[in-house]
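**Q** Here it is: the structure, laid out below.
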């Protein structure tokens, strides 16, 4: 047995020695002293373990040596000491360097140390390595985002039948209108305007529905913002109606005025749609679903069953059904992840657990009232947002196009790249009808070949010559080389090339790309969302070709 020297009893230790023993014995925290200029004056075992320096190697060096080069260049160490002096403490997280050059994510606290006269004697600095905790938090955030996307896609899947029904009706309206137009033209009649208007209205309705679905299903980062729940309900009403079908009556009762909330709009939309779908599934023989909003004030005594929730003002979004209701044993488990009473394959059980997590992350809470035979009401409570209203964001450039031109004598060469033959044919027809010279391609590789051919065919073309075409019009969702990749490849050779993107995919193929153009896409790049009106397309082409 190892012989250890142990004091037979507690022996008094001087305050200074006791403090030194305490600090030196801590190995999970780097604890050391700085002089007023930031030079290291003491060093404990935890600091040596964490940063890799022995005391005689680091004492006398400036503490900024632990910071990354980019932080040192930005003056972060100096600002840390200044903040500690002005505010009495500095706290932050960030990357720090070990002796061997590796990085770790650190939680740092710096406190100023003053003597009894108030004179600054230096700083106490405490650092903890929280790299693993940060990784775990990132993994948890990614898992939450994946759950949110799974819930959203489950809702989209539930909508498929209703959307297919709506699209078939719209296609019927378009098909019948075109047949009637053909019949009247064959008979020499020109009174076709009503049928053309019917087809256009059907196209507009289909476009609105498609864009709404794409925006809803799109994977987006969480972004809490000031939100009006009433406006959100009204904006989502068409999709909600399609989700419940014709057998169920959908009603809304919206409070006016309603307090705004600060939360992620996509999460609220996903939660509302899933709640309505759950209500529908609880009423196989039909019934009613009511979406309600209200203001509510909660005191501390009202929240004894909601630990961690702050008393105050809340806006409440409620989905109420007249369905079968839930027995107490089911009600007690509804917030458990993957718990579901639906048959296998008809639900993941993510909906209510995800709603609960979202509500708590937003500072709110969820309550459910249900009884067998009396229906269910789910109440989502979100804290009132008292901040000043944010200015409305400007509409995307794709939504606003120049006025239709009156003179259609187009000049210039346009390369049209579109894999859908009928769409490409119509675009070419419009441009050629306006007087442009048009080249066409069905994919990105062919388009690059057309550019090379056009460049080779120009007289006097040489080093530094401008683009071989005046405008590249390309679909975003091309097979193989997509539209954005095509534009980047073309602009690598011809930086001044103008590009007009056409997309039916809610712009996600162009997301997260830095740019300095009017759309944030890049210089000389613009975007239009399909389906685009012919006059809007003409106007955008004319505007881009006349600009510079």
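Note: Cβ is positioned from N, Cα and C throughout, glycine not excepted.
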**Q** Of the residue ranges 344-364, 365-385, 386-406, which one carries the region 'Disordered' annotation in TrEMBL?
**A** 386-406
**Q** Hey, what's the Cβ neighbour count for residue 475 (4-aspartylphosphate) at 10 Å?
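**A** Neighbour count, Cβ to Cβ under the 10 Å cut-off: 27.
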**Q** Averaged over the domain 'Response regulatory' (413-545), what pLDDT does the predicted model reach?
**A** 81
